[in-house]
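If you check TrEMBL, you get these features:
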type	residues	note
ACT_SITE	Asp308	active site
BINDING	His61, His63, Asp155, Asp308	Zn(2+) 1 binding site
BINDING	His63, Leu64, Arg65, Asn95, Asn281, His312, Pro326, Gly327	substrate binding site
BINDING	Asp155, His182, His235	Zn(2+) 2 binding site
DOMAIN	50-238	domain 'Dihydroorotase catalytic'
Amino acid sequence: MSEAVGGVLLRRVRPYGEAETDIRIVGEEIAEIGTDLPVPAGAEVIEGGGAVVLPGFVDLHTHLREPGREDTETIATGSAAAARGGYTAVFAMANTDPVADNATVTDNVYRTGREVGLVDVHPVGAVTVGLQGRQLAEMGMMAAGAGRVRLFSDDGNCVDDPLVMRRALEYATGLGVLIAQHAEEPRLTVGAVAHEGPTATRLGLAGWPRAAEESIVARDALLARDAGARIHICHASTAGTVELIRWAKAQGISITAEVTPHHLLLTDERLSTYDGLNRVNPPLREASDTEALRSALADGVLDCVATDHAPHAMQDKCCEFAAARPGMLGLETALPIVVATLVAPGLLDWRGVARVMSERPAAIVGLPDQGRPIAVGEPANLTLVDPDRTWEVVPEDLASRSRNTPYTGMTMPAGITATLLRGRVTQLGGEVRW
Ligand SMILES: NC(=O)N[C@@H](CC(=O)O)C(=O)O
Ligand SMILES: [Zn+2]
């Protein structure tokens, strides 16, 4: 976990895609920014070649599967995938086995993440015991533990009982922590595997209506308003959710929302092959939804990108579509998809990418040392992006222990060339430095 003696010199990089400069890092901090800096004795020099440098990315929604399904991902392999994707902090969801509904589990996730040291792993605590939606978990104990849990979610499940959700919001407000809701009214999604629409009808797949998500988003906005609480919406997937969040924000309700790379890029038309790799919750929607999600991210109605990185064993994905487990990998392909869907069409510039990938997610959960400006004296949590490096997604090349990417064979329009966590190079050219 030690940084190179003499620090690191990033040569010819472009902060936020702007003018080329050098960045000198000493210890954990940015020590100097300027052109043609001399190479300090013993420093590692990284030739940027004009690469864009951004604050390290922060993912509010990662499934690391440890404890319980270490055959599909571990905190170590997931951290490596995160480093390769340009991330310096990830929030590890609570739907593990055992569930992270107590401080023993959340503290362990935190400690293991520290030992691995590639990315800051923040445990997410469950809102309810066993993700069952009935009894509130000991959120206070988890918040006060070594893992200092600041984000709580039953993700995978929705906290669907409105009274439980109301109590959870009140409790969270008292603790100064945030609840992230997987918005799904379960009585509208019984047996559902695909977006409810013409494609599902044609393919004979049971449909998941937009209203299953939107009704919970609307309800939770009102519950948060009445409790004076903050609420975060996981993986927003519909144009209607965008309109509800726009309305709630206009009312002064403290609501924030994330969108996944796959909901920005993919639509349910991909389901025609019945390939289980395309099954995900919430389901891939229609082009009118992806368009609304893209512009909402650009105009700030949606706050940030979160991967919902969801590793699964191939035997659980390569079966009949309806039997495939929902979820897809996301950490190593997130930035290129943001480039393809937002930067290339001119909806976001690199400052905007820094906002949705780093600054906003860090602010939402109140991380003091992430999402910071690239400036002297700031922690050196940095990501180098080569905007001209195209690469093809080959599942076997990914650092994740799982292979369930829907992007196999696709050409990605940008590459992450290096990641630094508090001055330590965690990956260079895709090579992870354990
Ligand atoms: N998104 C998914 O389809 N699956 C997630 C759970 C979740 O994020 O809802 C998983 O844990 O596999
Ligand atoms: Zn979810």
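Just so it is clear, glycine is given a Cβ too, placed from its N, Cα and C backbone atoms.
Any TrEMBL annotation is an automated prediction that lacks curation.
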Centre the Cβ atoms of Asp155, His182, His235, go out 8 Å, and tell me which other residues of that chain have a Cβ in range of the Zn(2+) 2 site.
His61, Met93, Ser153, Gly156, Cys158, Ala180, Gln181, Ala183, Glu184, Cys234, Asn281, Asp308
Listed binding-site residues are His61, His63, Leu64, Asn95, His312, Gly327; which sit with C-beta under 6 angstroms of ligand 2?
none
Which number gives the other C-beta atoms within 10 angstroms of the C-beta of Asn281 (substrate binding site), all protein chains shown included?
20
Does DSSP give Arg65 (substrate binding site) helix, strand or coil?
coil
Should we count any of the recorded positions His63, Leu64, Arg65, Asp155, Asp308 as near ligand 1, judged by a CB under 6 A from one of its atoms, and which?
His63, Asp155, Asp308
Taking the residues His63, Leu64, Arg65, Asn95, Asn281, His312, Pro326, Gly327 listed for substrate, what is the greatest CA to CA distance in Å, to the nearest whole number?
17
Taking only the binding-site residues Asn95, His182, Asn281, which one has a CA atom nearest to the CA atom of His63 (Zn(2+) 1 binding site)?
Asn95
Fill in the CA-CA distance, His182 (Zn(2+) 2 binding site) to Asp155 (Zn(2+) 1 binding site), as an integer in Å.
5
Please name which of the recorded positions listed here, Asp155, His235, Asp308, is nearest in space to Leu64 (substrate binding site), Cα against Cα.
Asp308
From the binding-site residues Asn95, Asp155, His235, Pro326, pick the residue whose C-alpha lies nearest to the C-alpha of Asp308 (active site).
His235
